[in-house]
Amino acid sequence: MEDFVAQSFNPMIVELAEKAMKEYGEDPKIETNKFAAICTHLEVCFMYSDFHFIDERGESIIVESGDPNALLKHRFEIIEGRDRTMAWTVVNSICNTTGVEKPKFLPDLYDYKENRFIEIGVTRREVHIYYLEKANKIKSEKTHIHIFSFTGEEMATKADYTLDEESRARIKTRLFTIRQEMASRGLWDSFRQSERGEETIEERFEITGTMRRLADQSLPPNFSSLENFRAYVDGFEPNGCIEGKLSQMSKEVNARIEPFLKTTPRPLRLPDGPPCSQRSKFLLMDALKLSIEDPSHEGEGIPLYDAIKCMKTFFGWKEPNIIKPHEKGINPNYLLAWKQVLAELQDVENEEKIPKTKNMKKTSQLKWALGENMAPEKVDFEDCKDVSDLKQYDSDEPEPRSLASWIQSEFNKACELTDSSWIELDEIGEDVAPIEHIASMRRNYFTAEVSHCRATEYIMKGVYINTALLNASCAAMDDFQLIPMISKCRTKEGRRKTNLYGFIIKGRSHLRNDTDVVTFVSMEFSLTDPRLEPHKWERSCVLEIGDMLLRTAIGQAPRPTFLYVRTNGTSKIKMKWGMETRRCLPHLLQQIESMIEAESSVKEKDMTKEFFENKSETWPIGESPKGVEEGSIGKVCRTLLAKSVFNSLYASPQLEGFSAESRKLLLIVQALRDNLEPGTFNLGGLYEAIEECLINDPWVLLNASWFNSFLTHALK
């Protein structure tokens with residue numbers, strides 16, 4: 001490269017470049033690529049100014065040879081190539097005589113005709129990228145930027161190229177020649193890559209064929225190819241003025257950055273409409289369990305055996321009747337379905353050997369409830385593609401629903417402690433290393449805080465139901481199988497307990513795709529009278545099935561017992577996630593662990609024990625209309641767990657959208673609280689994106705109302 005520079009450039013340029021490098025403590029013999037780049041840049045600056053003069057009338061003219069006596073003044077003052085002190089002297093004198101604003105960085109030229117400084121760039125990369133980097137660095141509206149590349153591309157501020165076509169062509173030809181010369185000596189690759197500091201061996205994932213054509217078609221405006229866009233993105237410097245960047249990206253974009261102040265955000269608008277209804281796959285706070293302690297009956301652990309045993313603990317059966325019909329359904333069919341379950345359970349018991357599974361008779365009421373033969377017949381596309389008015393069904397927009405108080409009660413209930421433990425302490429071997437000791441100590445404390453939590457019961461109940469339903473869906477596709485809803489726990493005294501919540505009857509389940517739906521009817525015991533909050537139960541038909549004797553202060557009193565029956569559906573992918581709801585536990589453990597780590601690093605010792613045992617300390621749990629709620633570490637664990645579990649139980653596209661979009665607003669508000677002076681553009685569009693997700697989902701509506709409480713307190 002050194003030889004190449006010596007042979008290709010004017011000795012004066014080579015000398016100036018050597019001087020410039022030494023001024024910055026760099027060695028031209030070692031940093032040969034940089035040496036060549038500086039020479040090239042100097043030569044372009046000189047060529048830019050060559051032959052350009054201003055005549056006595058102040059017009060710009062080009063004189064290549066001619067009368068040496070003509071009264072001509074050089075159009076450009078060359079600043080590049082002078083030593084720093086001299087260069088700044090020239091800049092200062094120009095500013096003093098012309099009144100032009102003094103630049104922060106040394107420019108390359110001054111144009112006496114346009115009265116502006118010029119920054120010349122020569123790049124081996126994309127001109128866009130280099131232009132942006134220059135613009136970001138100098139951050140001055142007044143300095144004109146003109147970038148040339150070795151491939152003949154150029155870019156200048158406001159597409160004002162200063163010079164005539166021919167002068168620019170001369171520069172481009174010279175750059176192209178330098179590139180050819182370097183390439184012929186095998187120097188070009190190293191030179192090209194050195195600007196970017198990338199590896200010489202370049203491995204790229206090649207995109208070809210259709211994908212390549214699609215990629216080229218889908219580029220933003222002003223990009224000719226995918227490479228060109230890739231390079232632009234790779235070189236994008238994150239700091240700097242957003243407006244400028246946006247206006248360079250596209251002529252159509254003009255973003256006004258608005259300051260985000262305490263008065264800027266408004267609360268989210270929650271929808272009006274009838275109150276929202278319960279949409280979980282099984283009852284939560286309203287569930288009633290029929291339980292057996294220390295089960296030791298024959299076939300213990302086989303769901304059907306366990307269920308029959310649990311049913312026997314209830315003595316208050318009555319003739320069932322409908323007390324809250326389903327608005328749209330054929331309610332007598334739900335009643336008949338329950339009677340059929342009772343009758344078929346009786347049949348099972350009467351058999352000599354109880355079977356492990358029970359398939360229900362395909363009665364008219366079950367066929368109706370499970371939507372048998374209701375699906376429209378599928379026709380091969382080939383047979384109907386010529387139909388002229390082929391179209392998809394019109395589907396109705398979902399009806400907006402308002403937030404109802406029951407979902408907050410459900411959440412509060414999920415945070416509470418029950419009197420049973422729902423997860424076992426893992427059987428883990430002896431600790432070997434000190435870190436393992438800390439880890440198992442944390443896990444034990446954590447387990448103690450959450451093992452009795454109602455949210456943990458919901459996890460185990462969900463895992464059981466989804467596993468059983470997925471199994472049955474694969475093993476008995478055509479059968480209406482009866483699936484008991486069971487969970488297991490330990491009492492305070494450590495006794496094992498098996499609980500029955502009710503039954504599921506599954507419909508036909510030929511599930512080819514992840515999203516194919518299996519319909520099921522759920523029948524769940526409850527002591528909740530549905531007439532207290534009828535809107536919560538609009539999807540259910542509720543029967544009264546008996547009376548349960550409950551201990552009260554004055555002895556035992558009968559309480560009416562209800563059965564919530566509804567048709568529901570799920571899919572393989574939903575059951576897969578339902579089976580993995582236990583993942584909420586490690587997810588939460590990580591959150592708690594980062595809190596402990598933060599404490600420990602402040603105190604410079606492990607704070608696990610103090611963290612869990614210091615009962616006087618309170619932690620922020622969340623924001624309510626009353627302000628920031630605080631509680632013990634156990635309460636924090638249980639609240640975070642309940643949130644995580646509800647995200648799983650009430651998973652929906654509305655929740656996905658709300659979480660993603662509201663997070664952006666949350667980050668902006670946090671930045672404001674941290675005095676980072678955030679700015680936004682199109683805040684209205686962000687609000688629209690958030691509010692588009694607030695339709696009818698109870699959990700999303702509750703989160704939105706919490707978000708509003710947070711906004712109120714955060715901006716006080």
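Positions of Cβ are set from backbone N, Cα and C atoms, glycine also.
Database features, via Swiss-Prot:
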type	residues	note
BINDING	HIS41, ASP108, GLU119, ILE120	Mn(2+) 1 binding site
BINDING	GLU80, ASP108	Mn(2+) 2 binding site
MOTIF	124-139	motif 'Nuclear localization signal 1 (NLS1)'
MOTIF	184-247	motif 'Nuclear localization signal 2 (NLS2)'
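In the predicted model, the motif 'Nuclear localization signal 1 (NLS1)' (124-139) has a mean pLDDT of 84. Cβ neighbour count for ASP108 (Mn(2+) 1 binding site): 23 (other Cβ atoms within 10 Å of its Cβ, all protein chains included). In sequence order, VAL44, CYS45, GLU80, PRO107, LEU109, ILE118, GLY121, VAL122, HIS146 are the same-chain residues whose CB sits within 8 A of the CB centroid of HIS41, ASP108, GLU119, ILE120, the residues recorded for Mn(2+) 1 being left out. Within the same chain, residues at least 6 positions away in sequence whose Cβ sits under 8 Å from that of GLU119 (Mn(2+) 1 binding site) are PHE105, PRO107, ASP108, LYS134, ILE138, THR143, HIS144, ILE145, HIS146. According to DSSP, GLU80 (Mn(2+) 2 binding site) is assigned to coil rather than to any helix or strand.
Residue pair GLU80 (Mn(2+) 2 binding site) / ILE120 (Mn(2+) 1 binding site) shows a Cα separation of 9 Å. Across the motif 'Nuclear localization signal 1 (NLS1)' (124-139), the DSSP tally of helix, strand and coil residues reads 12 helix, 0 strand, 4 coil. Secondary structure at HIS41 (Mn(2+) 1 binding site), as computed by DSSP, is helix.
Sequence-distant contacts (6 or more apart, same chain, Cβ under 8 Å) of ILE120 (Mn(2+) 1 binding site) comprise HIS41, VAL44, CYS45, TYR48, GLU80, ASP108, LEU109, HIS146, ILE147, PHE148.
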